[in-house]
Amino acid sequence: MLLAAPTANSPILPPNNGSNAGRGYQTLGGEGDGEQSTNKWNGVFSVSSYTEYFNVDTDLVLNRLMSSLNPTTGDFFSKIDANPDLYGLIWISTTLVFVLSSIGNCATYLMQSDSNSSWNFDVNYVNVAACSVYGYALLVPLGFYFLIRYMGISASLIRFWCLWGYSLFVLVLSSFLLIIPVEFLRWTITIAAATTSASFVALNLRTYVQSDDLMIILVASFALQAALTIFIKMWFFS
């Protein structure tokens, strides 16, 4: 019995381009290839399938964290090309959620310490921080991935998640400084953090995406990143 030849345009889940295009789950096979389709979806929903994206050591993570604090280089994609990771995305996002929930309540306590009003721990900070941070870190890169693919440009979702994950590191650092109960200093720190984080994303996208609509992508990424930083200031440190 002759087998159908695999189609040329086979999707890859999770998307992963560049020098590691062989990673991920590749669907090969024509119509009626049910066994391969089942194996593909089993792989997508298997935790062990993503262990390669957590295969990083401390030195590598520290190097990428330091890169996120120096956005002018615009070479982050070249640094992660051989080994993009999701460790930074999950670890940094979770750390930011914890920091916002705890430091935000501490800042509120300091602001009310001079008044006679009673202070209570606001557990809603945890819910808002989790929804905003995890939602942003997962959905915004996904949206840009589909936008860039719609423009006909090759893109890697794993690399986008990696980029946006490390871009949140500066927000973790700035959150500790926002505990200072001086509004002028808080806004100064917020603007500096927003500029650093947004520039890191935009300047690295500039080196990664080659398109006539590049300016739209850069402005959108910069605006969204800055909006997240301002939202954090307004909600948790007002």
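Positions of Cβ are set from backbone N, Cα and C atoms, glycine also.
The feature region 'Disordered' is assigned by TrEMBL to 1-36. Sequence annotations record features per position, and here TrEMBL assigns domain 'Yip1' to 70-231. If you look up TrEMBL, you'll see 86-111, 123-148, 160-178, 184-203, 215-236 marked as transmembrane segment.
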For the transmembrane segment (86-111), the distant same-chain contacts (Cβ-Cβ under 8 Å, at least six residues beyond its ends) come to 50, 53-54, 56, 61, 64-65, 119, 121-122, 125-126, 129-130, 133-134, 137, 158, 161-162, 164-166, 168-169, 171-172, 175-176, 178-179, 181, 232, 235-237
Outside the transmembrane segment (215-236), six or more residues from its ends: residues with CB under 8 Å to it: 100, 103-104, 107, 125, 128-129, 132, 136, 140, 144, 147-148, 167, 171, 174-175, 178, 186-187, 190, 193-195, 197-199, 201-202, 205-206, 209
Grab the same-chain neighbours of the transmembrane segment (184-203) for me: Cβ-Cβ under 8 Å, and only residues 6 or more beyond its ends, written as numbers and ranges. 68-69, 71-74, 76, 163-164, 166-168, 170-171, 173-174, 177-178, 218-219, 221-223, 225-226, 228-230, 232-233, 237
